[in-house]
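J.: Pasting the relevant annotations from Swiss-Prot:
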- 1-19: signal peptide (SIGNAL)
- 31-49: disulfide bond (DISULFID)
- 35-54: disulfide bond (DISULFID)
- 39-56: disulfide bond (DISULFID)
- 48: site 'Basic residue of the functional dyad' (SITE)
- 57: site 'Aromatic residue of the functional dyad' (SITE)
């Protein structure tokens, strides 16, 4: 039972990391308030700027 729980937890963490992958187009744009717009143009739900990098949400 513990093994199944650990496997599910690891898969959840990996999927969360993949869902918020950085967007290189927004990074090149400087990520100054236009991150959400760029992510929406790419068909993503939205985005957030963190440490100068834009992260798009699926």
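Using N, Cα and C of the backbone, Cβ positions are placed for all residues, glycine too.
Would you situate these features in the structure and describe their surroundings?
T.: Around residue 49 (disulfide bond), a 10 Å sphere centred on its CB holds 17 further CB atoms from the protein chains shown.
Residue 35 (disulfide bond): 24 other CB atoms within 10 A of its CB, across all protein chains.
The 10 Å shell around the Cβ of residue 56 (disulfide bond) contains 23 further Cβ atoms across the protein chains shown.
Within the same chain, residues at least six positions away from residue 48 (site 'Basic residue of the functional dyad') with a Cβ under 8 Å of its Cβ are 35, 36, 54, 55, 57.
Secondary structure at residue 57 (site 'Aromatic residue of the functional dyad'), taken from DSSP and collapsed to helix, strand or coil, is strand.
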J.: Using all protein chains in view, find how many other C-beta atoms are within 10 Å of the C-beta of residue 54 (disulfide bond).
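T.: Around the Cβ of residue 54 (disulfide bond), 24 other Cβ atoms lie within 10 Å.
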